């Protein structure tokens with residue numbers, strides 16, 4: 001849980017101010033990408049009460065592949081996505097996808113294997129107007145789908161280390177609205193989206209969630225990994241909503257998103273003893 005620190009004296013004041021400035025710079029300035037930041041946030045789905053908060057949870061970053069969840073809602077609501085296995089789209093060379101993603105993909109595979117080109121083909125079929133309208137109506141993050149300055153690529157790249165940003169606090173608020181049927185879409189769209197979000201186990205919790213992996217560039221050309229894991233966990237009749245974010249963590253064998261996922265799954269059973 002977060003702790004409040006009592007500070008007195010000039011040195012403590014200077015240290016506190018410096019810390020705040022450096023944290024803000026990490027959010028808005030790639031030059032400080034080497035610094036580390038993390039957040040683990042858990043709220044009760046029914047009441048919205050805070051259950052656990054640790055780290056800097058109000059700083060906004062690109063959602064990366066966690067944005068596939070709202071994209072799925074849009075796709076089902078717009079009748080572009082029809083069920084868990086329809087449509088199944090073939091890969092095309094012009095998609096410029098990673099080699100591992102150059103395969104026929106349906107909504108279940110899309111979420112499970114985090115297929116970037118499927119997201120982009122979905123937004124192309126939505127079109128700029130409908131895509132932007134959904135983001136605005138969802139009140140998702142900063143709602144900026146303009147993309148990279150001067151590139152006019154928001155339709156296919158806004159969520160990929162570009163203009164669209166969201167904080168862990170905003171992620172859990174959005175997810176709670178989704179789970180409670182408070183988004184301005186059809187009930188079928190909500191239920192079909194829930195059906196394709198991957199399942200994981202964490203002790204006696206059934207967890208559904210989506211990872212996201214990206215990076216911040218620093219002034220020297222270095223990269224600081226960004227890892228997301230967002231979703232909900234159910235045990236008996238209790239459901240909680242969570243967001244886990246890491247920025248600048250040491251690179252390991254796993255990409256940052258799956259690493260954030262495994263960290264959360266490993267710690268949830270112990271965390272939930274205090275829920």
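Glycine is no exception: its Cβ is also placed from the backbone N, Cα and C atoms.
Feature annotations, courtesy of Swiss-Prot:
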- 65: active site, acyl-ester intermediate (ACT_SITE)
- 210, 211, 212: substrate binding site (BINDING)
- 68: N6-carboxylysine (MOD_RES)
- 1-33: signal peptide (SIGNAL)
Distance [Cα-Cα, Å, rounded] between residue 211 (substrate binding site) and the residue listed as 'active site, acyl-ester intermediate': 6
Alpha-carbon distance [residue 212 (substrate binding site); residue 68 (N6-carboxylysine)] in Å: 9
Recorded positions listed as 65, 211, least Cβ neighbours within 10 Å: 65
Integer Cα-Cα distance in angstrom, residue 212 (substrate binding site) to residue 65 (active site, acyl-ester intermediate): 4
